[in-house]
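Here is the structure we will look at.
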Number of protein chains: 2
Amino acid sequence: METISKRSLLAAGLAAGVAGLPRGAFAAQPGRKLGYAILGLGYYATRIIMPRFAECEHSRLAALVSGTPEKLKTYGEQYGIPETHRYSYETFDRIIDNPDVDIVYVITPNSLHRPFTERAARAGKHVMCEKPMANTVADCEAMIAACKKAGRKLMIGYRSRFQAHNIEAIKLVRDGALGPVRTVVTDHGFTIGDPKQWRLNRALAGGGSLMDIGIYSLNAARYLTGEEPVAVNAVESTDRSDPRFGEVEDIINFQLLFPSGATANCVSAYSVNCNRYRVSGPKGWVEIDPATSYQGQAMRAQLGGPPAPREPAPQPKNQFSAQLDHLSECILTGREPIVGGDDGLKDLRVIEAIYRAAREGRTVKL
Amino acid sequence: METISKRSLLAAGLAAGVAGLPRGAFAAQPGRKLGYAILGLGYYATRIIMPRFAECEHSRLAALVSGTPEKLKTYGEQYGIPETHRYSYETFDRIIDNPDVDIVYVITPNSLHRPFTERAARAGKHVMCEKPMANTVADCEAMIAACKKAGRKLMIGYRSRFQAHNIEAIKLVRDGALGPVRTVVTDHGFTIGDPKQWRLNRALAGGGSLMDIGIYSLNAARYLTGEEPVAVNAVESTDRSDPRFGEVEDIINFQLLFPSGATANCVSAYSVNCNRYRVSGPKGWVEIDPATSYQGQAMRAQLGGPPAPREPAPQPKNQFSAQLDHLSECILTGREPIVGGDDGLKDLRVIEAIYRAAREGRTVKL
């Protein structure tokens, strides 16, 4: 899918050259809004992310990258992005010469996350990469190495970490309101449609429901407990005669055991609709349903009294704008993102263990 | 704990003798209310079950069996049970001579279910036995054999099968409202207290949370799908330094795979409070929370539109009275209970597989 042109190789060489420069040489000055290039102009990029720069304090939409000229024209005009700041995948590496772009946000099919992250880093840009970070642990490690070599930051698009209800749930756990976490029950799935979409193509998606939606169950179990699992069970259920599931799994439910003794039961599915979690300890529980959706989160908690709705502390920004600004702020202040490449890598380590546990019919230790 | 007296051995011989009589020789005539002997006068028997004979059509409280003379006196007087119909565990086998008693309802610690069921059957009585049916598959098989030999019916106290919301959920599934079941997510647990109670004594309870409360998750997964699992995963998490859990497990979460491809993620816990399930298919889901409690069930469903509360079709009786009357009706009409010894045995088969899966760290096939 990707061809590396002479120009991009040249750009890669230049990028490698600048890796030796002092950190922040390409970073914006405090006060300036950092410029994002959105790479991949699909539904999520154009309908969900791009409109949310309007609420950003530290981020602005500065460039577009797409394989479809019509999309570059349409969204370029809509968002006032000059032609000089519109790139095809062939011309993308020239972005090294564009000082208006600080960050490349990679929103492509999963298998392209690694090569585009590597190219962005070689072009001296910081990288925001959608989840799943990549298809394999090896890919994640290569992406982390590429950004490290370029002296650039890498963040994964785990937007729920910036969402008010999720922040409240994490806070309740950390504050000890539930006592020690004993169980997380989290279900993520949707009934997938068109069998021809890239999410059902193994080469592009790297897997099925787990890579796309089940990863929310995994990530939530990790951020709610604040721990990394040490043992994994899994069971897969896929109707291979269904034209949607010739290449990738439908259901792959998994169980996690954490060092503290906390446990998680997780659903990952392409044949049912669900989006929720409940985290419980001896003193009570908190649940969000829907939990990791674009909007509409609703929370209930049982803390001493009977179960009751709970409104989280308000957050200054919506989850999307807050996510975009978080990376900008990290760049401006020299901090590391709370969901860096290491967090994406940790999810992929568990994902590989989940697939292995289901395939081999055994508990996989981590 | 149990001593078999000469008298009980004699009774056993007599019971064996009557096994050859025509079916129904001891059964009541249609129209008459069948007489129950309640064996074991603990909280569940005295506070939950005994008051519910008042709403029964075909059942009445006829006798009491207890190891505590004060309880026999107190409840005997309260319910107008004559002294001739009050038995100690030593005198229990004389119940063979009491024509007012058709059914013995065994509500003792788990390990006593088998011996008392066998003694009741030898006394020519039908048996209602609380869940879990027994501690092992072998015990269940012996109980089934004992009742079969005596020509008497055996039913397990799976009261949720007679509860309106649960009946509605099963009906929605069977009617195809959800499409084929793909996932059942069900959590049952409570924060157990006094470390000295019999539920935390392995010899009496046979195990920990799974035997007592997690069995509701298992039984629900089975009655919602209408299938028997073919593969089981499990993970245990028990703090053995906690004085409650020196002998039995705290958390043992399990996963089930059914022949149709339906899956279940189940929580079983003695350190968190939970009592719920959601069953999902491509067309929607239905959930009950609390699901299998004594009262207070609440249902939501997502069937085409957004999730919404749902009131089940009303049932003529509460779950307890309906359960009691079901066995009476089966006896009066010659039918088999919908939750007979075979159903209790099936749960124990899976329970043994769950313990094995957790212990051996592998998927156990059934």
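Keep in mind that glycine also has a Cβ here, set from the backbone N, Cα and C atoms.
Curation plays no part in TrEMBL annotations; they are all automatic predictions.
Per TrEMBL, the features are as follows:
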- B:35-158: domain 'Gfo/Idh/MocA-like oxidoreductase N-terminal' (DOMAIN)
- B:Leu41, B:43-44, B:66-68, B:Lys71, B:Tyr89, B:Thr108, B:Asn110, B:His113, B:130-131, B:Arg159, B:198-199, B:Tyr216: NADPH binding site (BINDING)
- B:Leu41, B:43-44, B:66-68, B:Lys71, B:Tyr89, B:Asn110, B:His113, B:130-131, B:Arg159, B:198-199, B:Tyr216: NADP(+) binding site (BINDING)
- B:Val101, B:Asp102, B:Lys125: D-sorbitol 1 binding site (BINDING)
- B:Lys131, B:Arg159, B:Arg199, B:Asp212: D-sorbitol 2 binding site (BINDING)
- B:Arg152, B:Leu154, B:Glu336, B:Gly341: D-sorbitol 3 binding site (BINDING)
- B:His165, B:Glu311: D-sorbitol 4 binding site (BINDING)
- B:171-366: domain 'Gfo/Idh/MocA-like oxidoreductase C-terminal' (DOMAIN)
- B:297-318: region 'Disordered' (REGION)
- B:306-315: compositional bias 'Pro residues' (COMPBIAS)
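Features as recorded by TrEMBL, highlighted on the structure.
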{"residue": "B:Leu41", "record": "NADPH binding site", "DSSP class": "coil"}
{"residue": "B:Ser66", "record": "NADPH binding site", "DSSP class": "coil"}
{"residue": "B:Lys71", "record": "NADPH binding site", "DSSP class": "helix"}
{"residue": "B:Lys125", "record": "D-sorbitol 1 binding site", "DSSP class": "coil"}
{"residue": "B:Arg152", "record": "D-sorbitol 3 binding site", "DSSP class": "coil"}
{"residue": "B:Asp212", "record": "D-sorbitol 2 binding site", "DSSP class": "helix"}
{"residue": "B:Glu311", "record": "D-sorbitol 4 binding site", "DSSP class": "coil"}
{"residue": "B:Glu336", "record": "D-sorbitol 3 binding site", "DSSP class": "coil"}
Legend entry - By Cα-Cα distance, the member of binding-site residues B:Gly67, B:Glu130, B:Arg159, B:Glu311 nearest B:Arg199 (NADPH binding site): B:Glu130
Legend entry - Close in space, distant in sequence - B:Asn110 (NADPH binding site), Cβ under 8 Å, 6 or more apart: B:Pro132, B:Ala134, B:Asn135, B:Leu204, B:Ala205, B:Gly206, B:Met211, B:Asp212
Inset, instruction - Based on Cα distances to B:Lys71 (NADPH binding site), point out the closest of the binding-site residues B:Val101, B:Asp102, B:Arg152, B:His165, B:Gly341. - result: B:Val101
Legend entry - Around the Cβ of B:Leu41 (NADPH binding site), the count of other Cβ atoms that are within 10 Å: 22
Inset, instruction - Return the residues near B:Gly67 (NADP(+) binding site), defined as same-chain residues 6+ apart in sequence whose C-beta is under 8 angstroms from its C-beta, sorted by sequence, else 'none'. - result: B:Ser88, B:Tyr89
Inset, instruction - Rounded to the nearest Å, what's the C-alpha distance separating B:Glu336 (D-sorbitol 3 binding site) and B:Tyr44 (NADP(+) binding site)? Just drop the number here, would you? - result: 25
Inset, instruction - Using C-alpha atoms only, work out the spacing between B:Lys131 (NADPH binding site) and B:Arg159 (NADP(+) binding site) and round it to an integer in Å. - result: 10
Inset, instruction - Pick out which of the binding-site residues B:Asp102, B:Glu130, B:Asp212, B:Glu311, B:Glu336 has the most other Cβ atoms within 10 Å of its own Cβ. - result: B:Asp102
Legend entry - Whole-number Å value of the largest CA-CA distance among B:Lys131, B:Arg159, B:Arg199, B:Asp212, listed as D-sorbitol 2-binding: 20
Inset, instruction - Pull the DSSP breakdown for the domain 'Gfo/Idh/MocA-like oxidoreductase N-terminal' (B:35-158) and write it out as helix, strand, coil residue counts. - result: 60 helix, 25 strand, 39 coil
Legend entry - Cα-to-Cα gap, B:Tyr44 (NADP(+) binding site) vs B:Glu311 (D-sorbitol 4 binding site), nearest whole Å: 27
Inset, instruction - Could you tally the C-beta atoms, other than its own, that fall within 10 angstroms of the C-beta of B:Lys71 (NADPH binding site)? - result: 18
Legend entry - Sparsest-packed of the listed binding-site residues (B:Val101, B:Leu154) - C-beta count within 10 angstroms: B:Val101
Inset, instruction - Looking at D-sorbitol 1 and its recorded binding residues B:Val101, B:Asp102, B:Lys125, figure out the farthest C-alpha pair and report it in angstrom, whole number. - result: 7
Inset, instruction - Average the per-residue pLDDT over the domain 'Gfo/Idh/MocA-like oxidoreductase C-terminal' (B:171-366) and send me the rounded value. - result: 98
Legend entry - Of B:Leu41, B:Val101, B:Glu130, i.e. the binding-site residues, those within 10 Å of B:Arg152 (D-sorbitol 3 binding site) when Cα atoms are compared: none
